[in-house]
Structure formats: structure tokens, C-alpha cells
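Peer 1: Checked Swiss-Prot, it gives:
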{"type": "TOPO_DOM", "residues": "1-22", "note": "topological domain 'Cytoplasmic'"}
{"type": "TOPO_DOM", "residues": "44-53", "note": "topological domain 'Extracellular'"}
{"type": "TOPO_DOM", "residues": "75-104", "note": "topological domain 'Cytoplasmic'"}
{"type": "TOPO_DOM", "residues": "126-146", "note": "topological domain 'Extracellular'"}
{"type": "TOPO_DOM", "residues": "168-185", "note": "topological domain 'Cytoplasmic'"}
{"type": "TRANSMEM", "residues": "23-43", "note": "transmembrane segment"}
{"type": "TRANSMEM", "residues": "54-74", "note": "transmembrane segment"}
{"type": "TRANSMEM", "residues": "105-125", "note": "transmembrane segment"}
{"type": "TRANSMEM", "residues": "147-167", "note": "transmembrane segment"}
Amino acid sequence: MAAAARVSEVKAEGLLRGACTALAAAAALLVGLSTQTETVLLVRKKATVKDVQALWVLAMAAAAAAGYHLLQLLKCLYLGRVGGARPCRRSSRALAWTCLLLDKACAYTTFATTVAAAQACVVALDGAHALQWTKLCNIYTRFCEQVAGSLVLGMLAAVGTAVLSAASARNVFRHYASLETYAAH
């Protein structure tokens, strides 16, 4: 019974990791490949992701998160196939802790870079009158819409990664004895 429950947990984790992989990859591709060229005062200007450092960092962090989730998805597929062959308890505990720490780092990084890019986009959307920066989204509308879509996908990937880190924490604590075991002794 417990083995069947574990297999279903691995499948659920695999589905969520697949979704996070797709969301993070889509966010990275959408922001990384977004460009728009407009003529402003007889000068052709091209808006790219490299114009705003926070967007470039978002593209790289989302791509790294997608790669990490893909590797973890492959691990889930392997564990789903091998299911019965469990490694020794000590290496399993170390693997669980490693996955938890990596999941936490991925969640924090994805969330932080997405929020930083969103903050930079607010300046592009509203301008900064004290610094005499104009509203850029009035000029580069399509570029700003694509970046906004990337921010939504990045935030969904961050939320999914946070859920995965909670599942990883549950997996870590499963390797330790419960309080009832200590109370019985």
C-alpha cells in the first residue's frame, strides 16, 4: 500500500516538474527572443532583452530553472521506473536533503528575478518623472506585452517551484522517525 502511494507521489511530482519545466522554458524563450524595432524621431531603435539588465537576468535564471526541473523530471522518471529498487537509507536521506536545498534555491531565484524584472518593467510602463525617463511601453507596445507574458509565466513557475520545495521538505522529514517512535522508547 505504501509503495503504491509513493509511486503516485512520484508521478504527481513528475507532472508538476514537467509543468514547471514548460513554464520556465516558455518564460525564458518569450523574454529572451522578444525584440521590436520602432522609428523614434527619424532614428530606428531596437528594443531587446539586453536593454534592461533585469530582463536579461530573468531570461538566464528562467532557462537555468527549466534545465534544473528537466533534470529533476528525469530523476522522477527513473524513480518511477525503478520504484522497487531503493538505495540505502543514508544516501536516500542525503539525496532528499540535496533536492530540498536545490528546490529552495530554485524557487527563491526564480521568484526574485521575476519580481526584479517586474519592478524594472513598472519603470518602463509608467516612466520615472523625477529622472526624466519617459514611458517606453507607449513606444514598444508589443515588446512590453511579450515581457508581461514572460513575467506571468515566470511567476507561475516560481509558485510551482515553491510547491515542489514543500513536497521536497515532506520527503526529507519522511526519512526521520516520528515523535511516537521516540515516545515508545
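Don't overthink the numbers, they just go from 1 along the chain as shown.
Including glycine, each Cβ sits where the backbone N, Cα and C put it.
Give me the structural setting of these features: burial, nearby parts and distances.
Peer 2: Mean pLDDT for the topological domain 'Extracellular' (44-53) in the predicted structure: 83.
Under 8 Å from some Cβ of the transmembrane segment (54-74) lie the Cβ atoms of residues 14, 17-18, 20-21, 24-25, 27-28, 31-32, 99, 102-103, 106, 109-110, 113-114, 116-117, 119-121, 147, 150-151, 154, 157, 161, all in the same chain and six or more residues away from its ends.
Same-chain residues lying 6+ beyond the ends of the transmembrane segment (105-125) with a Cβ under 8 Å from its Cβ atoms: 24, 27, 31, 52-55, 57-58, 61-62, 64-65, 68-69, 133, 135-137, 144, 147-148, 150-151, 154-155, 157-158, 161-162, 164-165.
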